[in-house]
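> Swiss-Prot lists these features:
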ACT_SITE  CYS252  active site, nucleophile
ACT_SITE  HIS335  active site
ACT_SITE  GLU337  active site
BINDING   SER45, GLY224, GLY226, LEU253, GLN256, ASN294, GLY296, PHE297  L-glutamine binding site
DOMAIN    176-362  domain 'Glutamine amidotransferase type-1'
REGION    1-172  region 'CPSase'
Amino acid sequence: MKAFLVLDNGTIFEGESFGYETESVGEIVFNTSMAGYQEILTDPSYCNQIITLTYPMIGNYGIHPDNMESSKIQASGLIVKEYVDLPSNFKSEKTLSQFLKEYKIPAIQGIDTRKLTRFIRTNGSPNGGIFVASEYSPSFLEKVKSFPGIINADLAKVVTTSSKYIFGTHTGKKFKLAVYDYGVKTNILRLLDANGFAVTVYPAKTPSEEIMKEGTDAFFLSNGPGDPAPLDYAIASTQKIMEKRYPLFGICLGHQIIGLSLGKKTEKMKFGHRGGNQPVKNLETGQVEITSQNHGFAVIDDQKQDEPISFLNLNDHTVEGILKSGYPLLTVQYHPESAPGPNDSRYLFQKFYDLVEKTKKG
């Protein structure tokens, strides 16, 4: 079946459908990872986005339940150069096409993904849509132009859990950790659990005072989709957490929320960072880590002496982490849990545990 990718400037790419035969609109982004398409598709940070995978051949190793980063596909659509329908992997339980159809997600193959990626890199991430149809219709562009975009949209409330839950085991764990779910990835929870925390996950709008009354030793602010600026409830809760001096760790959107809570500003990036090869310098140690990233907004450095940058992106010098003088705080813009991506930064989970332990000892 034919499929059309339509951008908001009227550009049309014609290809072939290999997902569910439907239509979908969203922000068009690209990810440079060579593998990890299942983890990428199920990452809640991709809510309302259509993903272009720059690696030219996708689907080679199929789908396996262990690689899910949430309970379903979160992206609005998928764009690839060439889809492989015969995966070679003894663990594979279904094809990528079957996976997409199961969750009713459209996908298009056979288009020039290099041309599309260059367009995004030059012009920024456009709104667009995938339309499965036998022929093009002018209504496709009208539907794309009606998409409101992700700026000033609270997408965390779309992907957050509806009720609190315990992750992993609490038996024998020394510290209770409250995780705010703004779109948390499963591997983040796995690593928090594996590094000794008794993890309880809370809906995004849970008042921090309520969690404090229940009892916790520290807070974690998760990754998530879209613009942090409209998340007033998250910023207010974070400020109250910091007033009470709880140890605090934020990843990706969580890092941005902490930045806003400190009075900093965020900005929409031209095309963001999405892939598993972003070099980041640890300004404390001087070491360079290769990181996995997925974000389209960034914290602006306000050069406050008591809130220095802790990590710096070496490609475009954007802020990748911030500190607060005298406060037990750890933030990173990137994804230390990888899934997919390199494991250079997984030490941060143990570092946070040590920070909590040090804080509790006084």
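Including glycine, each Cβ sits where the backbone N, Cα and C put it.
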> Could you give the Cα-Cα distance between CYS252 (active site, nucleophile) and HIS335 (active site), in whole Å?
7
> Write out, in the order they occur in the sequence, the residues of the chain not among SER45, GLY224, GLY226, LEU253, GLN256, ASN294, GLY296, PHE297 that have a C-beta within 8 Å of the mean position of the C-beta atoms of the recorded L-glutamine site.
GLY183, ASN223, PRO225, ASP227, PRO228, CYS252, HIS295
> Between HIS335 (active site) and ASN294 (L-glutamine binding site), what C-alpha distance do you get in Å?
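Between the Cα atoms of HIS335 (active site) and ASN294 (L-glutamine binding site), the distance comes to 8 Å.
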> Cα-Cα separation of ASN294 (L-glutamine binding site) and GLU337 (active site), in Å?
12
> For GLN256 (L-glutamine binding site), write down the residues of its own chain that are at least 6 apart in sequence and whose Cβ falls under 8 Å from its Cβ; none is a fine answer.
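PRO228, GLY250, THR266, HIS295, PHE297, ALA298, VAL299, GLN333 - these are the non-local Cβ neighbours of GLN256 (L-glutamine binding site), listed in sequence order.
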> Drop a 10 Å sphere on every Cβ of the binding-site residues GLY224, GLY296 and tell me which sphere holds the fewest other Cβ atoms.
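Sparsest of the binding-site residues GLY224, GLY296 by Cβ contacts within 10 Å: GLY296.
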> How far is it from GLY224 (L-glutamine binding site) to GLU337 (active site), counting Cα to Cα, in Å?
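Spelling it out, the Cα of GLY224 (L-glutamine binding site) and the Cα of GLU337 (active site) are 14 Å apart.
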> My understanding is the cutoff is Cβ-Cβ under 8 Å with a sequence separation of 6 or more in the same chain; which residues meet that for GLU337 (active site)?
LYS185, ASN187, ILE188, ARG190, LEU191, ILE251, ARG346, PHE349
> So, three-state DSSP: helix, strand or coil for GLU337 (active site)?
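DSSP call for GLU337 (active site): coil, neither helix nor strand.
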> Tell me, by DSSP, whether GLY226 (L-glutamine binding site) is helix, strand or coil?
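DSSP call for GLY226 (L-glutamine binding site): coil, neither helix nor strand.
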> On average, what pLDDT score does this prediction assign to the domain 'Glutamine amidotransferase type-1' (176-362)?
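Mean pLDDT across the domain 'Glutamine amidotransferase type-1' (176-362) comes out at 97.
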> Would you mind checking how many other C-beta atoms are within 10 angstroms of the C-beta on LEU253 (L-glutamine binding site)?
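The answer is 31.
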